[in-house]
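*Asks:* Supplied in C-alpha cells, the structure appears directly below.
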Amino acid sequence: MSVEAYGPSSQTLTFLDTEEAELLGADTQGSEFEFTDFTLPSQTQTPPGPGQAGPAQGQGPPGAGQGAPGPLEAQVNGPDGILQNGAVDENVAKTSQLLAELNFEEDEEDTYYTKDLPVHACSYCGIHDPACVVYCNTSKKWFCNGRGNTSGSHIVNHLVRAKCKEVTLHKDGPLGETVLECYNCGCRNVFLLGFIPAKADSVVVLLCRQPCASQSSLKDINWDSSQWQPLIQDRCFLSWLVKIPSEQEQLRARQITAQQINKLEELWKENPSATLEDLEKPGVDEEPQHVLLRYEDAYQYQNIFGPLVKLEADYDKKLKESQTQDNITVRWDLGLNKKRIAYFTLPKTDSGKDTWAVSLAFFPPSFADMRLMQGDEICLRYKGDLAPLWKGIGHVIKVPDNYGDEIAIELRSSVGAPVEVTHNFQVDFVWKSTSFDRMQSALKTFAVDETSVSGYIYHKLLGHEVEDVIIKCQLPKRFTAQGLPDLNHSQVYAVKTVLQRPLSLIQGPPGTGKTVTSATIVYHLARQGNGPVLVCAPSNIAVDQLTEKIHQTGLKVVRLCAKSREAIDSPVSFLALHNQIRNMDSMPELQKLQQLKDETGELSSADEKRYRALKRTAERELLM
C-alpha cells in the first residue's frame with residue numbers, strides 16, 4: 001500500500017537516531033554550530049508542497065504564534081525554547097541514585113552453602129547439621145554422613161583416604177559429644193567397632209569385633225555376641241548414630257566429586273588448611289591429556305604417556321616416604337656372609353590387624369596400602385641418647401610370614417651401627433626411581449629414534465593400521481614341550497599363532513595355563529636357533545614362576561636379578577646368575593677369590609680388580 005493512499009494530508013514519518021542525538025532538542029553544540037533551537041515535526045503539520053519551504057528554525061507549527069510554543073515544544077525545549085542541561089543532569093543523577101539503592105538479593109538456597117559456615121561444617125560439602133557431622137580426631141576436620149556424588153559417606157571417604165580411624169560426635173547431636181570407643185578395651189578404631197543391644201531397649205554397648213565381641217564372658221552380662229553389628233555399613237555410619245542428611249539438604253549442599261575429594265585429600269597433606277576453592281588455582285587441578293587409540297607420531301605418544309609416568313612416580317614416592325615408623329625395637333644378628341642383620345617388628349593396630357586392611361572392606365582395593373617386598377630398601381636410624389646418632393641403609397631379606405612377624409634387613413655397611421642398643425630406632429622406606437627412569441628413557445628413545453623398534457611394532461604402538469605380518473617358520477609337529485603338561489586346544493592355537501606373529505597378546509582368567517603356555521612358547525623359540533630368548537615379567541614372583549617352568553623343559557636358563565636380591569632365597573636361586581658363577585668349575589681362580597671375599601668381607605685393590613675381570617668373563621660365558 002502506497003503513501004498516497006492516505007491522502008495529501010498524510011504526515012511523512014521522521015526517524016531520529018537517538019544514539020547520536022542522545023536528547024532531543026539539546027543544544028549541546030549550539031556555540032559551535034550557532035543553533036538556537038529546533039523543533040519536532042507536528043502530526044498536524046502539513047508537508048510542504050512543491051516550491052514551498054518547510055518550517056523554519058524557531059517557527060512553531062501552523063496556527064501557533066511564534067512566541068507561544070506548544071505543550072510538546074515547551075516540554076522539550078524548556079520555557080525559553082532551549083533544553084536546560086542542568087535539569088537533565090539532575091534527573092540523571094536522581095535515576096542513578098534510585099538504581100544504586102536497589103538490592104538484588106540471590107535466592108537464599110543458592111547461597112546457603114557458599115556463605116560463611118560454622119566450624120563444624122563438612123569440609124567437603126558444607127552440610128552443618130550437628131546431628132549429621134562427625135569430627136575426625138586426627139585431621140581435626142568435620143565431615144557429614146551424606147554420600148553426595150560419591151559411593152560412600154563423606155566421613156568414611158575421608159577416614160579411608162587419610163588413613164584415620166578415630167572420631168567424635170558433635171556436642172549438639174542426639175548423643176552429645178562422644179568419642180566412639182570400645183566399652184571393654186577402649187579401642188577407638190571405628191572400622192573395628194560395632195554394637196550389641198543391652199538389656200534396656202534404649203541402650204546399646206559399643207564393642208570391637210576382636211577380641212571383645214567374641215569373648216565368652218559376654219554371656220555372663222546377658223549380651224548376645226551373635227547380635228553384634230558394625231557401626232559402618234554400606235560405607236556410611238548407622239543412621240541412629242549419625243543422621244544421614246536428607247536428599248534436599250544434599251542437593252542444596254556444595255557439590256563435590258570423588259575426583260575432587262582425592263585431589264583435596266592430597267592437597268591437605270601439604271596444606272591442611274586448604275579448601276575446595278584452592279583446587280581452582282592454576283597448576284593445582286591440571287589434568288593430564290587423555291590416552292588415545294591412535295597417535296600421529298612417537299612425539300605425541302611420549303607427550304601423553306610421559307606425564308602419566310611422572311604422576312605414577314610421584315604417587316609411589318609419596319606413598320613410600322609416608323611409611324615412617326618410630327619407636328622401633330631392633331634385634332641384631334650377624335649373617336653367614338659376615339654382614340650385619342637387623343630384625344624388627346612393625347607396630348600393630350588395636351586388634352592386631354592393619355587398620356587399612358580392615359577399611360578395604362568398604363572401599364575397592366585400588367586404595368591398597370604399600371606392601372613390603374623382599375629386596376626393598378629401608379633406612380634404619382637411631383635417635384636415642386645411649387649412642388651417637390646413626391643411619392644405615394639395607395635391603396629386606398625377610399618379610400612377615402606364617403612363621404613370624406619379624407622383618408629382617410641386611411645392612412650395606414655396619415660401620416658405626418649401634419649394635420649394643422635395641423630401642424628408639426626409626427624405619428624409613430627408601431624410594432627408588434629406577435623403574436620410572438627406565439620408562440621415561442624408553443619413551444624418549446622411542447620418540448627420537450624410529451629404529452629403536454621394528455617398523456611393525458612402531459606403528460602398532462601408535463595405533464596405525466598395519467598389514468598383518470606372518471613369520472615363516474618351521475612349526476613343530478608336537479606343540480607340547482617336554483617336561484610340561486599337555487596343552488589343550490586353545491593353548492595349542494595360542495602357541496601356533498605366537499610363533500608366526502611378531503607381536504601377540506594372550507589373555508585368560510587365572511588357572512587357564514598362561515604360564516605353561518608362555519613357557520612352551522619360549523621352549524619352541526629357543527629350539528628355532530635364532531639366538532637367546534629374553535623373558536620378562538612385571539614382578540619378581542612372576543619371573544621366578546616362568547624360570548621354574550622353562551627350566552623343566554631342559555633349556556639352559558639364567559635368572560637375572562638385582563644385587564639387592566642376591567641374598568634372597570627363592571625356588572630358583574640356583575639358577576640365578578651370581579650363584580651359577582659361584583659354581584663354575586671352569587674358573588678355579590674366581591672361586592678362590594670369591595671364597596676369600598666371603599671370609600674377609602673385602603679384597604685388596606689388586607685382587608678386587610682381578611675378581612671383577614674374572615666375574616665379567618664368567619657372566620659372558622653363561623649368557624652366550
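Note that Cβ sites are derived from N, Cα and C of the backbone, with glycine treated the same way.
Copied straight from TrEMBL:
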| type | residues | note |
| --- | --- | --- |
| REGION | 39-85 | region 'Disordered' |
| DOMAIN | 114-271 | domain 'Upf1' |
| REGION | 122-154 | region 'C3H' |
| REGION | 136-164 | region 'CC/SHH/C' |
| REGION | 182-212 | region 'C4' |
*Asks:* Just give the helix, strand and coil counts over the region 'C3H' (122-154), going by DSSP.
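*Replies:* Helix, strand and coil residues of the region 'C3H' (122-154) number 1 helix, 8 strand, 24 coil.
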*Asks:* List the helix, strand and coil residue totals of the region 'C4' (182-212) as derived from DSSP.
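*Replies:* Going by DSSP assignments, the region 'C4' (182-212) contains 1 helix, 10 strand, 20 coil.
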*Asks:* Cβ under 8 Å, sequence separation of at least 6 from the ends of the region 'CC/SHH/C' (136-164): give me the contacting residues as numbers and ranges.
*Replies:* 119-125, 127-129, 170, 179, 188, 190-191, 232, 235-237, 239, 242-245, 249-250, 253, 255-258, 261-262, 265, 268, 272, 355-356, 359, 362-363, 367
*Asks:* To what whole number does the mean pLDDT across the region 'C3H' (122-154) round?
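*Replies:* Here the predicted model's pLDDT, averaged over the region 'C3H' (122-154), is 92.
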